C-alpha cells in the first residue's frame, strides 16, 4: 500500500482525493499497488468530509512520516508551497504538484533536489490542466529537435475571446460573464494580463529546450485592450483572436518567447480551440506538427493529471522521471527584434497612403467610421513601433502562422 | 555507448538511422548516453549508404551479439518479423517496432516475453505515426477510466475523403491521385477496406481497456462504397465523412468496437482533421476529452516515434515500460446490437412516408433525381437493417457524435 499526503485541500486537492478513491481499482492496476490518500495538510477543518479525521496542521507530521512516500502539492503560490515541497523532497518523498507559480519560479532547484534525493518532482498538472503535455515532452518528444512550442494555455481568456467573437460582446461584458460562471477570479489580472500563460509557456519552453526559461524574461501582453471592433475586422478576415504563449528556437542556443493576443486564420492548427479548452502545438524538425488538446482547467481534469503523476511515481519509485535542466538560464532574445506581420487599425480615411508606409498586403473596411484596418508586411517590432509613431494608430494585433 | 540494430532497412528503417545520426546530440542528452546504429539486417545491399558496411543477413549475428541492447523492427508483416522479434526479446534485448500487424496479432505474447526477460517491447510508431499516443495511454492516462477511444487512424483514406469533400471528385479519381502521390499502395485494400485502421484501433483499445482486443473481432467497413453523391448531402448538412476506428467501454467488462465511415458535424473534435493527418480522441470519466493530433505516417515522423521508444529503453533499461495485458481476450459486443443514428439515401420521391418509418429527424434534398436523404432516429443496427429491407436504399452512413 502506497500512502499519499495532500498539501492544500481546496478545489484541486479535494479532486485528487476524489479521483484516488473513485478510480481506486484502475489506479491500483496501473501502479502495481494500492494508493491511498493518507492525510491532508490544511489550516481549515473539514467536518463531514471523507478526510475529516485525516487533516494535519503541521508539515513535519508529513516529512517525518516514513510511511508517506508521495506528496501532492495543490496549495498554489510559492509561500509556503516552496518550503514545504523542498522539505518533502529532502525527506526522500516524491512530489507531484499542480502549482505553476512554484514550478515557474523554483523548478530548476526543485528538480536538482529531487535528483539528489533519488525521487521525482512532477508537475503534469501545472500546464494544460488535464492535457498530458509535460510527460510527452519529457518522454515522447525525445528524438527530435523541437523548433517551436505554441499554446492556448489559459482557459479563462480563451473563453472570453470566444464569447467576444461569437456574441459580439465587449470586453467588460464577457469578463463579467466569465466571473459569474466562476471561470475568472474577482481580481482577474493573472488571467487577463497574461501572467498565467507566461508562467506556463516558460515551463513548457524549459522542458522543450532543456534549459530554464525564466518567466520574467517572457515579454507579455494580456487581452485587456482587445475590443469588439477588433473582432469586427477579424470576422471579415475569416480570422480569430487568441491569446498565444509561444517560444521558438533561435540560433546560438537562445529562444524567442512571448505571450500576446494574435490573429490567426483557419489554416492555423489552433484555430478550432474554443471556449475554456486549451491546446499545445509542438513543432519538430522531423516529426512535424503535433497538437495536444483538452480541458485546460477544472477540478477533475487537473486532479486526474496530478494522480497520473502519483501513479508514475508509485510504479517507478527509483527513477527521477524529469531530469534537471542544463545549468544556467536560457537566453531569451529581445522581442523588439522579432518579426511579425500585424493587423493594425488607423484613424482617418486615407488608407492607401498609410498602407504604402506599412507595406500593407491588405486594406480592411469593417464599416467603422473614420478608421480602417491594414494587414502589414513583416516588420521587426522596433521598426514597426517607430512607424506607428507617425500615424493615429488605434490598435495593433500580431499575426501568427 | 548504446548499440542499436535495425531489422529491415526500408523507408522507416532508414529513417530511424537518419534520425539517430542527425539528432545524435539531442538524443544523447535525453538518453544519458550516446546511441549508435550498429548494424542493419536486410537481404539487400546498400552500396553508397551510410550503413553500407554494417549490413548483416543473419539474425543470429544480432541476437547473439551482447553489445547490442536495443533492436528496432521496421520490416512490416509478421513473417519473419514475429520470429525475429521474439528471438531478440528472449535474448534480453529491448525491441521498438513500427509494425502494427505484428503488434495487433502477437502483442500479448511479445509483452509477456519482454516482461519475463526484464526488457521492454515498445510500439509507439505502430499507431498514429509520429503522434505520441501509446506512451500517453500507458503512462499519462492512468488515473482515470477511459470510456471511449476514437481515431482517424489512416492517413491515406483521410486524404481521399478530404479530396472527395473539397474537390467533389469521385472515389476512383481520388484513389488514382493518392496512388500517384505515393499515399496509397498499388493494391490499396489494406487502407481503403479499413484493415489498417482495424489493427490500430485494436492496439489502442487493448491498451486503453487493459485486455487484448483481437482485431479480427472488430467489425470493419472501408470507404469503397462512398460516392460523390454522399458528399453532396454531407455538404448540405454541414458535415464531413471520415473513417473512424472507435471503441467504447460497455458494462460487464466488454467493449463495442468498429471501423466504418461516419458522418460528423463541426461539433465533433475530429471534424478539422483533414488530408493525411491523424488524430486520436480519448474520453475519460474525470479528465473529459483529450485529443492527440499529428502526422499519422511519413518516414521521419514515424522514425521519430521509433527513436523515442529507443531513447526510453536506453534511459530506463531495467524497466518493462508496457506491462502485459490482463490474461484472456476482451469481449467485443455484436455490432448488430449497437445503436446509431444514420444518414440514409433512398430511391423514390415519397420522402415523408419513408421518413416516418425511419423516425427521421430530417429530410435532405441534394437535388439528385429520384432520391432523397434522411437523418434517422437512433436504431439498433439489426433493427435498422431489417427496416432497410423494405425500401430501395441507395447508401447508409452512420452518424458519430
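Glycine is treated like the rest: Cβ placed from N, Cα and C.
Bear in mind that TrEMBL entries carry predicted annotations, made automatically and left uncurated.
Note that the structure is a prediction, hence the values are computed from the model and not measured.
Following the DSSP three-state reduction, the secondary structure of residue A:12 (NADP(+) binding site) is helix. Packing around residue A:12 (NADP(+) binding site) is summarised by its Cβ count: 27 other Cβ atoms lie within 10 angstroms of its Cβ, all protein chains included. The NADP(+) binding site feature in TrEMBL is assigned to A:7, A:8, A:9, A:10, A:11, A:12, A:13, A:14.
Looking just at the domain 'Aspartate/homoserine dehydrogenase NAD-binding' (A:8-124), the mean pLDDT is 97. Feature annotation from TrEMBL assigns domain 'Aspartate/homoserine dehydrogenase NAD-binding' to A:8-124.
For A:100, the entry in TrEMBL reads NADPH binding site. With a 10 A radius on its CB, residue A:100 (NADPH binding site) counts 25 other CB atoms from all the protein chains. The DSSP secondary structure for residue A:100 (NADPH binding site) is helix.
TrEMBL lists A:132-311 with the feature domain 'Homoserine dehydrogenase catalytic'.
Per TrEMBL, the feature L-homoserine binding site maps to A:185. In the three-state DSSP classification, residue A:185 (L-homoserine binding site) falls within coil. Listed in sequence order, A:179, A:191 are the same-chain residues six or more apart from residue A:185 (L-homoserine binding site) with CB atoms under 8 A from its CB.
Residues within less than 8 Å, Cβ to Cβ, of residue A:200 (active site, proton donor) and separated from it by at least 6 positions along the same chain comprise A:100, A:104, A:126, A:127, A:128, A:151, A:153, A:154, A:245. Summarising the annotation, TrEMBL assigns active site, proton donor to A:200.
Secondary structure at residue A:7 (NADP(+) binding site), as computed by DSSP, is strand. Using the Cβ center of A:7, A:8, A:9, A:10, A:11, A:12, A:13, A:14 for NADP(+), the list of other same-chain residues with Cβ within 8 Å runs, in sequence order, A:6, A:15, A:16, A:40, A:42, A:74, A:75. Within the same chain, residues at least six positions away from residue A:8 (NADP(+) binding site) with a Cβ under 8 Å of its Cβ are A:40, A:41, A:42, A:73, A:74, A:75, A:76, A:81.
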